[in-house]
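K.L.:
Have a look at this one.
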Amino acid sequence: MSITKEFDTITAISTPLGEGAIGIVRLSGTDALAIAQSVFKGKNLEQVASHTINYGHIIDPNTGTIVDEVMVSVMLAPKTFTRENVVEINTHGGIAVTNEILQLLIRQGARMAEPGEFTKRAFLNGRVDLTQAEAVMDIIRAKTDKAMTIAVKQLDGSLSQLINDTRQEILNTLAQVEVNIDYPEYDDVEEMTTALLREKTQEFQSLLENLLRTAKRGKILREGLSTAIIGRPNVGKSSLLNNLLREDKAIVTDIAGTTRDVIEEYVNIKGVPLKLVDTAGIRETDDLVEQIGVERSKKALQEADLVLLVLNASEKLTDQDRALLNLSQDSNRIILLNKTDLEQKIELEQLPADLISISVLTNQNINLIEDRINQLFFDNAGLVEQDATYLSNARHISLIEKAVQSLEAVNDGLALGMPVDLLQVDLTRTWEILGEITGDAAPDELITQLFSQFCLGK
């Protein structure tokens with residue numbers, strides 16, 4: 001996908017294919033109105049007011065056959081998402097009818113849009129910057145209301161504003177350095193001394209480091225916590241999964257080794273998306289299929305952000321329990337003592353004190369798991385502060401880290417007594433790195449790659 005501006009008219013189906021109440025076929029470009037009018041029987045779309053919805057029928061211009069009864073939205077540039085003329089044909093939902101209309105539009109001169117091309121045009125035409133474009137996809141992919149809140153704030157420009165303001169301050173500092181170098185005789189320009197440059201770079205660094213501190217929380221809310229439920233066979237792992245999901249996804253029996261594979265499901269725990277991985281019970285076994293499940297369980301444990309270790313309170317600790325306690329001790333771990341509704345036989349003195357006693361059967365203390373997750377990952381500070389700007393995108397986080405490193409290089413140079421003009425390079429690099437976040441200084445290949453990840457019609 002080229003990032004040069006293209007002014008042809010593109011089209012795509014913007015709703016998921018399949019049965020539904022409505023389907024939407026979108027057009028964007030200079031000829032959007034003319035192409036839509038060529039297949040529309042109703043008002044003249046080239047003469048209606050902007051941002052109106054118009055009733056009519058889509059017809060095949062070659063045969064005069066009615067394809068569907070539709071409502072057509074007309075939105076004129078520049079007050080559209082792409083800042084081009086946009087037409088949206090609202091059809092009855094269904095694969096056949098939306099595809100038929102799409103093919104008609106292509107035959108009339110529209111081009112099939114590439115993935116993300118509508119949003120790409122919004123970016124190229126200055127409607128959104130790169131962070132806002134990425135926020136569109138984050139909204140689509142958001143698994144919880146908290147993740148959506150962060151994405152909507154980013155789409156609204158909160159991160160863009162912070163980055164742009166910082167870039168402007170850095171640019172002002174660079175300009176002051178340049179004036180001091182090129183016109184040292186100017187008395188009305190403040191001298192960029194070593195002390196003043198140190199003060200400014202430390203200010204920039206502090207701002208970016210504060211932003212980085214939001215990354216852990218933001219990334220969790222955007223991508224979720226990979227959560228492995230581990231334990232020896234028949235301690236209640238699958239029952240816990242079903243309890244958290246509030247539906248029966250895993251097979252629950254009294255037969256050890258019933259779960260032969262890894263089961264993955266997403267669940268919303270107080271705004272945090274947890275990718276729950278119900279693993280096969282980890283034990284020594286001669287069953288080849290179960291052995292494969294056990295190996296996958298160990299791999300899931302190693303890769304997990306959070307480990308829920310389930311023990312059976314109604315039985316004494318086994319060697320398998322002790323092995324799992326050792327195996328998971330370096331993880332973000334919550335130990336769950338299940339089956340506390342039965343007579344307790346487990347040796348509590350051999351276990352860490354911060355375990356949670358639960359009964360999956362009676363739902364006892366399941367809510368405490370949610371509280372412990374908040375304590376482990378959010379320091380009990382709550383999930384989303386209303387006015388805060390969060391980093392949640394791995395690309396943004398990586399670039400902010402690089403920008404901080406460049407500022408550290410400036411401060412290191414100042415400490416070594418390097419001349420101010422020699423430190424311009426690192427300060428300029430900081431300015432360029434921040435520009436990659438918003439797209440002002442992003443390479444063409446990056447922009448192409450980012451938009452290729454979008455869905456068709458967006």
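Using the three backbone atoms N, Cα and C, a Cβ is placed for every residue, glycine included.
Not measured: the values here are computed from a predicted model.
Look at Swiss-Prot and you will find Arg26, Glu88, Arg127, Lys458 tagged as (6S)-5-formyl-5,6,7,8-tetrahydrofolate binding site. Swiss-Prot lists 234-239, 253-259, 278-281 with the feature GTP binding site, giving sequence analysis as the kind of evidence. Annotation source Swiss-Prot lists K(+) binding site at Asn234, Thr253, Ile255, Thr258. Swiss-Prot lists Ser238, Thr259 with the feature Mg(2+) binding site, giving sequence analysis as the kind of evidence. Marked as domain 'TrmE-type G' by Swiss-Prot: 224-378.
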K.L.:
Could you say which of the binding-site residues Asn234, Ser238 has its Cβ with the most other Cβ atoms inside 10 Å?
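P.N.:
Result of the Cβ crowding comparison: Ser238.
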K.L.:
Spatially, and counting Cα to Cα, which of the binding-site residues is closest to Glu88 ((6S)-5-formyl-5,6,7,8-tetrahydrofolate binding site)? Options: Asn234, Lys237, Ser238.
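P.N.:
Checked the binding-site residues Asn234, Lys237, Ser238; minimum Cα distance to Glu88 ((6S)-5-formyl-5,6,7,8-tetrahydrofolate binding site) goes to Ser238.
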K.L.:
Looking only at C-alpha atoms, tell me how far Arg26 ((6S)-5-formyl-5,6,7,8-tetrahydrofolate binding site) is from Asn234 (GTP binding site), rounded to the nearest Å.
P.N.:
53
K.L.:
DSSP three-state call for Arg127 ((6S)-5-formyl-5,6,7,8-tetrahydrofolate binding site): helix, strand or coil?
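P.N.:
Where Arg127 ((6S)-5-formyl-5,6,7,8-tetrahydrofolate binding site) sits, the three-state DSSP reduction gives coil.
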K.L.:
Can you tell me whether DSSP puts Lys458 ((6S)-5-formyl-5,6,7,8-tetrahydrofolate binding site) in helix, strand or coil?
P.N.:
coil
K.L.:
How long is the line from the C-alpha of Ser238 (Mg(2+) binding site) to the C-alpha of Lys458 ((6S)-5-formyl-5,6,7,8-tetrahydrofolate binding site), rounded to the nearest angstrom?
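P.N.:
The Cα atom of Ser238 (Mg(2+) binding site) is 38 Å away from the Cα atom of Lys458 ((6S)-5-formyl-5,6,7,8-tetrahydrofolate binding site).
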K.L.:
Looking at Cβ-Cβ distances, which residues of the chain lie under 8 angstroms from Arg127 ((6S)-5-formyl-5,6,7,8-tetrahydrofolate binding site) while being 6 or more apart from it?
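P.N.:
Within the chain, Arg127 ((6S)-5-formyl-5,6,7,8-tetrahydrofolate binding site) has Cβ neighbours under 8 Å at Phe81, Thr82, Arg83.
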K.L.:
Taking DSSP as the reference, which of helix, strand or coil describes Ser238 (Mg(2+) binding site)?
P.N.:
helix
K.L.:
Using a 10 angstroms cut-off on Cβ to Cβ distances, just flag whichever of Arg26, Lys237, Lys458 is the loneliest among these binding-site residues.
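P.N.:
Fewest other Cβ atoms within 10 Å, among the binding-site residues Arg26, Lys237, Lys458, is found for Lys458.
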K.L.:
Can you grab the distance from Lys458 ((6S)-5-formyl-5,6,7,8-tetrahydrofolate binding site) over to Lys237 (GTP binding site)? Cα atoms, rounded to a whole Å.
P.N.:
40
K.L.:
What is the biggest Cα to Cα gap, in Å, among Arg26, Glu88, Arg127, Lys458, the residues listed as binding (6S)-5-formyl-5,6,7,8-tetrahydrofolate?
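P.N.:
Among the residues the record ties to (6S)-5-formyl-5,6,7,8-tetrahydrofolate, max Cα distance equals 19 Å.
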K.L.:
Within 10 angstroms of the C-beta of Glu88 ((6S)-5-formyl-5,6,7,8-tetrahydrofolate binding site), what count of other C-beta atoms is obtained when all protein chains are considered?
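P.N.:
Total other Cβ atoms inside 10 Å, all chains included: 19.
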